[in-house]
Every structure is written in C-alpha cells, then in structure tokens.
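S.K.: Just dropping this structure here.
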Amino acid sequence: CTVIFTRMATKDLHKPISILFCNLAFSDLFTSFSGFWISMLFITNPDITIFGSKDMLAPYALYTTSILSTIYNLVSIGIERYLAVAESMRTRFRVARNHSIAVVLINWVLAFLLGCLPLMGWNCLHTEKNVSVLYSPFCVNYLIFIAIPNVVVAFIVPLFTYLRIIIILRRRKQRMKACGQATGTYKSAEIQVARTSIFIWLLALISYAPFFAGVIFDATNHQCHIDLYPGVYIFRNCTAMLITMNCLGNPIIYTLKLKTLGTKLKALKCLSTNRIRACTI
C-alpha cells in the first residue's frame, strides 16, 4: 500500500516502469487478500480446504488470478528493462506510458481468463475423477495447464532479459574503455542489474518451486485425502506462506530499496507540512 500510494501521489514517478511497479504492488495486494480469505476459511472450517467444497472455488480462483498477474507483471518488468537498455541508443521505438497501460490491461485480462476457468465449469465438484488432492475441487489437469507454462515463462523470460541487459552493458563498457572514456557508470549499472537479477531468481525459485513440486505430486499421486493427512497439507500451507513472502519481497527488490522512493516519501511528508503552514498563514 505504501508503494501504491507513493507512486500514485508523485507526478514525476508516472513513468512506464513506475506503472508496472504500481501494478505489481496491486497484484501482490490481491494475492495477500485472497490468501487471507483462504486462511479464514481454513480457521472456521478446515474440512472444506481439505476435502473441497463449492465455497473454495471463488477464493482459489482469486488466488490463482492474483498469482498469474504477479508472474505476468514480473515478466513485463524484465522485458521493459531490456527494451529500455537495448533501445536506448535508438529513436525508432521507445517504451511509452500507453504501452505500459496496455500491457497492464492485457496481463489482468489474461490472468482473469485463466484464473476463473474453474468458475466457468472446469472443476471437479460433481466428479471424483481427476480431482486435486491439495486444491480440491480444482482438477489436476487444470493445475497442470496453469502451472507448467507459467512456471516456464516466469523463469525463462527473466533469465533471457536480464542476461541480455548484462551483456549489452558489458559491451558498451568495453567500447567506452577502448575509446579511453570513463566506464564507472556502466560498471555500477552492470553490478546492480546482476545483483537484482540474482535476487529475482532466488525469490522466484524459493516462492514458486515448492508450489510447482506440489502440483507434480498431485498429478502423480493415487492416494486419498485421509492417507495424506496431515503432512501433505502442512506442505501445502507452507507453499502458500512462501508465495505470500514473495509478495513482501517484490516491493523490497523492485521499489523500496530504491533511494528515490524513500526520498519521495519524505518529500510528500514535507509537502503536506508546508501546505498546512501556508493555510495557517
């Protein structure tokens, strides 16, 4: 909420990348909200989160939608950073604010379309065949359809974009060094991009790999709910906690560690104080 408020209240942060950052914060907020909804259902009626119920369709669908939106936003940020670096020496194409808004709309439409498929009928409420053990009443084939392509996209695309950024910065640094120019800016930018990309990979790996492993286990498992209780469901809850931790880690990696955002927070505070003094005078 702090990230959203600061980026919406500060005019000079209304840039294409800032729109993507703000939308990422919205996605993380929805993920946390839907996770809290599922937690409340688990506290009030644990059986429906284990054996499945119609009441679990809506919170699971919202949870899936928010996770997909977060993944698409992370991929979009990586692509935008690559275009910003790769096209910085050209004038034919520049990432504009309208492009970022269009990407945000496409991300949400695609996330809602895929996340709400169980609400449209792709569920196992009325059949015991192909039902998920961990996320009943979702179907196993739906979880595989959602998990495998998006996990591949979430890991491959950022890997390509950030590696390309590092390669481009290194080449430009070598060219400037050959011309006898200072290369301190490119060296610091290369270190920062490499450090950020490592953090992104580690956070994504820690957050989503256990969930993906749970889906694979769900697809290959042939035991019933009772035989797997409680160990597998403790693992499921831990995967949900890791995804929530990803929502806390994204603002730290992408926004809160930037000095600009902290400066803007102080500027907003000072601005409000000056307005009160002006009104008093």
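Positions of Cβ are set from backbone N, Cα and C atoms, glycine also.
Since we're looking at a predicted model, the values are computed, not measured.
The following feature annotations were taken from TrEMBL:
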type: DOMAIN; residues: 1-254; note: domain 'G-protein coupled receptors family 1 profile'
type: TRANSMEM; residues: 17-40; note: transmembrane segment
type: TRANSMEM; residues: 60-79; note: transmembrane segment
type: TRANSMEM; residues: 100-122; note: transmembrane segment
type: TRANSMEM; residues: 142-167; note: transmembrane segment
type: TRANSMEM; residues: 198-217; note: transmembrane segment
type: TRANSMEM; residues: 233-256; note: transmembrane segment
S.K.: Can you work out the mean pLDDT of the predicted model over the domain 'G-protein coupled receptors family 1 profile' (1-254)?
M.R.: 80
S.K.: Are there 3 or more C-beta pairs under 8 Å linking the transmembrane segment (17-40) with the transmembrane segment (100-122), counting only pairs at least 6 apart in sequence?
M.R.: yes
S.K.: Hey, which bits of the same chain come close to the transmembrane segment (17-40), Cβ under 8 Å, at least six residues off its ends?
M.R.: 1, 3-4, 7-8, 49, 56, 59-60, 62-63, 65-67, 69-70, 73-74, 76-77, 80-81, 84, 95, 97, 100-101, 103-104, 107, 240, 243-244, 246-248, 250-251, 254-255
